[in-house]
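As recorded in TrEMBL:
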- 20-41: transmembrane segment (TRANSMEM)
- 53-78: transmembrane segment (TRANSMEM)
- 90-123: transmembrane segment (TRANSMEM)
- 144-166: transmembrane segment (TRANSMEM)
- 178-198: transmembrane segment (TRANSMEM)
- 248-265: transmembrane segment (TRANSMEM)
- 323-346: transmembrane segment (TRANSMEM)
- 352-374: transmembrane segment (TRANSMEM)
- 383-402: transmembrane segment (TRANSMEM)
- 414-438: transmembrane segment (TRANSMEM)
C-alpha cells in the first residue's frame, strides 16, 4: 500500500508517476462508466414507451441493475484474492459486459428481457466499482481521498456528456437512440481493451519480480509495535470482522455494520436522485420542455463533477473526517432548504435548477470521501469493499422502487426521499465517527500507558527474537482455538 513517509501535500502524488498514469486512465474509465450508466436518465421515457409501462414499471430495470450490481460485489467479495491480484483484468471484463448490454438495450421491447440486460449491466458496474476502488486503495493507501475524488468526478463528466450527446436524438423518432447507445458500446469496448493491456503489463511485472527478488519470509516493520499489530491481523482470517478491525473483533463488526447501513442511505440518495431528476422535472406540475429538463440535468451533473474536483483539492490539505463532516453539515442545510421549498414556498423551474445544482455539488463527494475515511479507520479489504457496495446497491434498489411509485402517485413528494436519506446517513455517520474516535483514543491511551522500559525492550529485540515470539504467539493461538473446539466438539479432535 502506497504511503510514503516524510512526503506531504502534493508530493505524495507527484512522487509516484506510474500510479498517476493508472489513475489518469481510471478517470477516463469513470467517464465512460458515467456515460453508459446515465444514458438511461434522459431516455427513460422512451424506454418506458418502448416497453409500454409507467414509471413504477420502468423502475424495475433500475432495480434489476442494482441487483446485478449487488451480485457482482458479492461474488467479488467472496473471491477477494482474485480482486487483489487482478483488478485490471476485472475492469476489462466488466466493460466488455457493459459494451454488450448497452448495444442490446435499444433493440429490446420487452420489459423482462430488458431487465435481464440491465441485470448484466449492473454486474459490470459492481465489478467496475469493486476492482477500481480496490486498485485505488492499494495504490494510494491513506492518501486515497484526493485521487479517489478525481477518479469519481469522471462519472459526473460522463453523465454530462451522455445528456448532451443524446439531446439531438430525443426530438426525433425514438428508434434513433440506437445511435448514441451504439457509440457508447464502442467506447466501453475501448476501455476494456485498455485495461486488458494494463493487466498484461502488471502480470509481466509481477512475474519478473518473483524471478529476480529473493523470498522475504518475514516483512520487517520500522516499529516493533506496528509489527506486532501486523502479525495479529495477518494471522486472522480475511473473512473475520477482526481483520477489518485491525485485530479488534467487536470494533470491526460494529463499524462494518454501521458503515454498510450508512452506504445504504448515501447511495439511496445518490443513485435515485440522479436517475429520476429528469422524470421529476417532466411531471405535469412544471412547465419545463424536454430540452429545458436536459439542460437542468447537465447543470446537475456539472455541479456534481465540480463538487468532487473541489473536494479533491481540499482533501490534499484538510483531514478527510473534517471535510466529510463539513459536507454533511452543508447537506443537512440543503435538505432543510428542499423541505422549505417543497412545503412552504413552492417549487418553480428556476429554484429547481438552483436546488438541483447545489444537490449535485454537495452530495457528489460524499461517496469517495466516505471510502477514504473508512479506509483510515478500518482495514478495508476486498470483502469489506464488496459488503459496503452491496449496502449501496440495496439502498439504490429500495429507493429507486419507491421513487417510481412516488412519481406515478404524487411527484411533489419526490424530494422527501432525498431529505430522509440525508438525515439517516448523517445520524449513522455521527455514530460511526464517535465510535471510531473513542476507539482511537483508547488505543492511544494504551500506548502511552506502556512503561518506558517495555518500549525500549521492544526496540532492542533482534529480528530473530521477534520472529520467534510471533511464532510462539501463533502456536499459542492455535492451541487455544483447539482447546475451545475440543470442549464443544470433542469428537472432532483426536
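Glycine too: its Cβ is placed from the backbone N, Cα and C atoms.
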- So, do the transmembrane segment (323-346) and the transmembrane segment (414-438) meet, by the test of 3 or more Cβ pairs under 8 Å (sequence gap 6 or more)? yes
- Task: For the transmembrane segment (352-374) and the transmembrane segment (144-166), decide whether they are in contact, meaning at least 3 CB pairs lie under 8 A, counting pairs 6 or more apart in sequence.
- Result: yes
- Query: Is it the case that the transmembrane segment (178-198) and the transmembrane segment (383-402) have 3 or more CB pairs under 8 Å, with pairs at least 6 apart in sequence?
  - Reply: no
- Query: Most CB pairs under 8 Å with the transmembrane segment (53-78): which of 20-41, 90-123, 383-402, 414-438?
  - Reply: 383-402
- Message: Please identify the stretch among 90-123, 144-166, 248-265, 383-402, 414-438 with the greatest number of Cβ pairs below 8 Å relative to the transmembrane segment (20-41).
- Response: 144-166
- Best-packed against the transmembrane segment (248-265), counting Cβ pairs under 8 Å over 90-123, 144-166, 414-438, is stretch 414-438
